[in-house]
Amino acid sequence: FTQIILLQMELITSTDVVRNLCKKMAPPLVTLLSAEPEIQYVALRNINLIVQKRPTILAHEIKVFFCKYNDPIYVKMEKLEIMIKLASDRNIDQVLLEFKEYATEVDVDFVRKAVRAIGRCAIKLERAAERCISVLLELIKIKVNYVVQEAIIVIKDIFRRYPNTYESIIATLCESLDTLDEPEAKASMIWIIGEYAERIDNADELLESFLDTFPEEPALVQLQLLTATVKLFLKKPTEGPQQMIQAVLNNATVETDNPDLRDRAYIYWRLLSTDPEAAKDVVLAEKPVISDDSNQLDSSLLDELLANISTLSSVYHKPPEAFVSRVKAAPRADDEEFADAGETGYSESPSQGVDGASPSSSTGTSSNVPVKQPAAAAAAVAAPIPDLLGDLMGLDNALVPVDEPTASSGPPLPVVLPSTTGQGLQISAQLVRRDGQIYYDISFENGTHGVLDGFMIQFNKNTFGLAAGGPLQVPPLQPGSSARTLLAMVFSQNVSPGAPNSLLQVAVKNNQQPVWYFSDKGLLHVFFGEDGKMERTSFLEAWKSLPDDNEFSKEYPNSVISSIDATVEHLAASNVFFIAKRKNANMDVLYLSAKVPRGIPFLIELTAAVGVPGAKCAVKTPNREFVPLFFEAMESLIN
């Protein structure tokens, strides 16, 4: 019905008729938001498209998109997107109050999205920009690390949207300089300092604080620091900036192997040494003003998606041909590397092949909307979707070839690439920890009619920077045979930016087939180290030293603890160490500790009654961002 109305409205010339139709379409769409979360999600994905084309349909209904406390995260994320699109000068005060409240919640991904939403509203609504900035400054004063960093990122965009308008807040931003540890936030703050160096008295001191760690910084920060230092030198050509620019140019040209950084440094060096005025014209040129990006879809694509409203296409926000194909990709005949992966076959599973198709794709959580995949699509190989793993060839963990196999045994592994997707090849895998070493336990089953050999593997950037520590040791697989091996993993520099998540994106290839991409999940307890045990006095002191805001709790209503001793022994096997226990009425209260890489401790209080369903876990940690992953890991350990 909605699809028919939207199509016919394109042919109606009377504005009164269109206005009346818009009014009549609102109630049915709003009604869908009182259904089950899965139905809500599908409805919200469709509404997202509708309001981009016809925002007046729901312009007066923005309150129905306010997030409820018990909404699943994937529903909340979609509601946020629609609220941004419906925000106007008339309702912005209500919207900002909601966003401000969301920015104080526990879910880190949702908080980040809420802070970004405030910035997007400022960019979209010029008359409301000052109110948006006031809210961002209030959030910065809360001093929650990831909120502060996200606020700085969006304020940088606001400065680009309204140059020379809100620079009075720079002093407040500079107060948070020492707390920045995320690449995008650092780069944004450095951009602000460089862009307004002439208005910041100690700009040289602020930039100099980053120079000591220049070689270790990510490329994003290095590039921004290089440009900001050149801007400072051009605006303040005094002795301090001169020494700084010499040090930065030397680091960027001699001490780095990043070609982008090195080339930019050489260009700046040549400009500064030959014609400083030309350098000013290039580096200090007026920047184009950025625009509102809340309507991200191209108009022609939007029309195509609206023509496919209430189908999978409108849920994925992709045209049908992007994820359904009846043409089977031919196996690769050559042995080129992954650089031309955009020309090979891909997994047909919508959860892997289509951006935004699954609610969990942007949150890192395990919530999923049960959208059924057509049988024909499941067996086919999708049309090429370029760059599925992002900067696959930009990783340090280079593709490694076959070596002699390392035997592995144990319980069956979860399937990560079914044979229907892998053209007869089935891959099962799981991260495991043995004797203090993390391994990727991986199994290959050859269901094809030919031999498969030349297996290689590569891991995308991830939260802990996991990478292959050696060659993938798989022998040639005869038809109908299987092989299982342990691949030692190491911690590298391939750390993904943003909030921690358990996603592990993997690419596997062999000599006979195209590259296969799949996503796996590494639960946090695999990373719990053997050094996580604490003495009782140290545990108590650490617990008292952490503020109450750093304490979180979660209930597991279906968990049953049959024996305290068995539970303690089971947890210790995963490096969750027993500290003490006490009785509280008929409940047993266990105190435990664990630690993950980067030295992040978890102080745990586990409460349960033996033999009775239901357990409660409370945790204190200095790093809130890992809390969702911690609760997910504990659920798997005590169930």
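Every residue, even glycine, has its Cβ placed from backbone N, Cα and C.
TrEMBL: automatically predicted annotations, no manual curation.
Taken from TrEMBL, the feature compositional bias 'Low complexity' applies to 358-367. Annotation comment: TrEMBL describes 405-519 as domain 'Clathrin adaptor alpha/beta/gamma-adaptin appendage Ig-like subdomain'. The domain 'Beta-adaptin appendage C-terminal subdomain' annotation in TrEMBL covers 528-639. Marked as region 'Disordered' by TrEMBL: 338-369.
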With DSSP as the reference, give the number of residues of the domain 'Beta-adaptin appendage C-terminal subdomain' (528-639) in helix, strand and coil.
41 helix, 39 strand, 32 coil
The domain 'Clathrin adaptor alpha/beta/gamma-adaptin appendage Ig-like subdomain' (405-519): DSSP-derived helix, strand, coil residue counts:
0 helix, 56 strand, 59 coil
Check the domain 'Beta-adaptin appendage C-terminal subdomain' (528-639) for me and report the mean pLDDT.
90
